[in-house]
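Taken from TrEMBL, the feature active site, proton acceptor applies to ASP306. Here TrEMBL flags LYS24, GLY95, ARG123, GLN170, ARG337, ARG378, LYS403 as phosphoenolpyruvate binding site. Per TrEMBL, 3-phosphoshikimate binding site is recorded for LYS24, SER25, ARG29, SER168, SER169, GLN170, SER196, ASP306, LYS333. Residues annotated as domain 'Enolpyruvate transferase' in TrEMBL: 12-412.
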Amino acid sequence: MTESRVIAPLSRPLDAVVRPPGSKSITNRALLCAALAPGESLLTGALFADDTRAMMEAVAALGASVSIDPLSRTASVTGGGSPAEGAAVDARQSGTTSRFILPAAALFGRRTIVDGTPQLRARPFGPVLDALRQVGAKVEELGEPGFLPAAVSGPMHGGPVHVSGHISSQFLSGLLMAGPLMRDGLRVSLTSELVSVPYVEMTKAVMAAFGATVEDLSVHPGSYTPRTYDIEPDASAASYFLGAAAIAGGRVTVSGLGTASLQGDVRFADVLERMGATVTRTPNSLTVSSSGALRGVDVDMADISDTAQTLAAVAVFAGSPTRVRGIGFIRGKETDRIAAVVTELRRAGIDAVEDEDGFTIHPGLPRPTAFDTYEDHRMAMSLSLLGLRAPGIEVLDPGCVAKTYPGFFADLESLRS
Ligand SMILES: O=C(O)C1=C[C@@H](OP(=O)(O)O)[C@@H](O)[C@H](O)C1
Ligand SMILES: C=C(OP(=O)(O)O)C(=O)O
């Protein structure tokens, strides 16, 4: 029997402050850079969730020593090691772990096998495998060509490399992070338009913080330096609470995230502002207040696509339709997110329409519905927001949020107190 979670409507407007857990994306970059830096690094504010535990185990397989204290949200990483013969990485469901660890594993002369869940095996890997071959790695596709499992070994000479940008930015980020340890460094040319651009800026910022030199898409040969590194809260996770304020009315402040953030997804607040919410920003906080009266918006979310499903939930309660564009590539995430969100909203009686590059939501009152979540944490977290305003909303397989946010439902409930 599938477990489910019922979300009770709020009885009064929100007035809450919440601090989401550490950023998944920054945690997984910092873990990798620390693992490639000879010596001990201390990561504070780290995320402890399925995706980051996958990365902790992955860097350990490459020879790093990782000791964790989830209660204090710290991870200590001693880097500079190398993988044992026959090393194997289980990236679980994690796109970042798998796409970042492949180039790192190919720095070493020993063969490492990278695999994941059936869901991850269905996601594309061709661009990174192809790029690794261009810079001298040996790559074996052990299943379908262009998919996991794959085995890689190095060393890599580096130098010029061509990689596509339109499927996922993670291929580029993974290559860049291995770049300093390639003999000639790395000079990347993109063969197609890059999606999720802010994540590449984040990659360069974390690399620079660990002592690497990156200019545009060129990485100098060199090394990483260990350090203490503080990780800010997760901006994609924050979108659910900011979205809650827009949907339910009242005010929610997300602390630890503001104009100084490294994460593009803080710009979800800008979209809510365009819909009529009031946004107050400081370097370290974002506050959304709303009367609950919103207008629809026409928005390109190619830079912030992890928040597209959150917006779909908010759009249900706007006074006019919302069109989201530029996100055709999210059909290749944990599930086809365009099809999934449209299918589920239609089951709730909402007139939602699938477009090739996004979706259109016509507002309405969702009827009582038990939502399928497609093993996608963001389906579960987004659709649960509907229950804050509409009665009878239930989310199936709520445990899938553990991929990035095991405490999500507890934090959502804390908004009520
Ligand atoms: O680099 C990253 O940390 C991420 C990049 C994005 O993926 P794509 O580049 O595949 O869009 C995003 O959806 C994912 O959650 C995290
Ligand atoms: C797409 C996501 O994750 P990943 O690609 O890292 O698996 C996500 O967290 O929404």
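Glycine residues also receive a Cβ, built from the backbone N, Cα and C atoms like all the rest.
Please treat TrEMBL annotations as automatic predictions, because they have not gone through curation.
A map of TrEMBL features onto the structure.
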residue : record                           : DSSP (3 states)
LYS24   : phosphoenolpyruvate binding site : helix
GLY95   : phosphoenolpyruvate binding site : helix
ARG123  : phosphoenolpyruvate binding site : coil
SER169  : 3-phosphoshikimate binding site  : coil
SER196  : 3-phosphoshikimate binding site  : coil
ASP306  : active site, proton acceptor     : helix
LYS333  : 3-phosphoshikimate binding site  : coil
LYS403  : phosphoenolpyruvate binding site : helix
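A straight line from the CA of ARG378 (phosphoenolpyruvate binding site) to the CA of the residue listed as 'active site, proton acceptor' spans 8 Å. Counting other CB atoms no more than 10 Å from each candidate's CB, the binding-site residues LYS24, ARG123, ARG337, LYS403 peak at LYS24. Of all the recorded positions given, namely LYS24, GLY95, GLN170, ASP306, LYS403, those whose Cα is no farther than the 10 Å limit from the Cα of SER196 (3-phosphoshikimate binding site) are GLN170, ASP306. For ligand 1, no neighbouring binding-site residues occur among LYS24, ARG29, ARG123, ARG337, ARG378, LYS403, by Cβ distance under 6 Å. For LYS333 (3-phosphoshikimate binding site), the same-chain residues lying six or more positions away in sequence with a CB closer than 8 A to its CB are GLY95, ARG123, ASP376. Among the recorded positions listed (SER169, ASP306, LYS333, ARG378), ASP306, LYS333, ARG378 have a CB atom closer than 6 Å to some atom of ligand 2, in sequence order. Each residue contributes its Cα atom, and for LYS403 (phosphoenolpyruvate binding site) and the residue listed as 'active site, proton acceptor' those atoms are 13 Å apart. Sequence-distant neighbours of ARG29 (3-phosphoshikimate binding site) (same chain, 6+ residues apart, CB-CB distance under 8 A): PHE100, SER173, MET177, MET202, THR203, VAL206, MET207.
Close to GLN170 (phosphoenolpyruvate binding site) in the fold, though at least 6 residues off in sequence, lie GLY95, THR96, ARG99, PHE100, VAL128, SER196, TYR199, each with a CB less than 8 Å from its CB.
DSSP classifies ARG378 (phosphoenolpyruvate binding site) as helix under the three-state reduction. Our reading of the phosphoenolpyruvate binding annotation (LYS24, GLY95, ARG123, GLN170, ARG337, ARG378, LYS403) yields a largest Cα to Cα distance of 19 angstrom. The separation of the residue listed as 'active site, proton acceptor' from LYS24 (phosphoenolpyruvate binding site), Cα to Cα, is 12 Å. Residues within less than 8 Å, Cβ to Cβ, of ASP306 (active site, proton acceptor) and separated from it by at least 6 positions along the same chain comprise SER236, SER239, ASP265, ARG378. Look at the Cβ of each of the binding-site residues GLY95, ARG378 and count the other Cβ atoms within 10 Å; the largest number goes with ARG378. For the pair formed by ARG337 (phosphoenolpyruvate binding site) and SER169 (3-phosphoshikimate binding site), distance between Cα atoms is given as 17 Å, rounded to the nearest Å.
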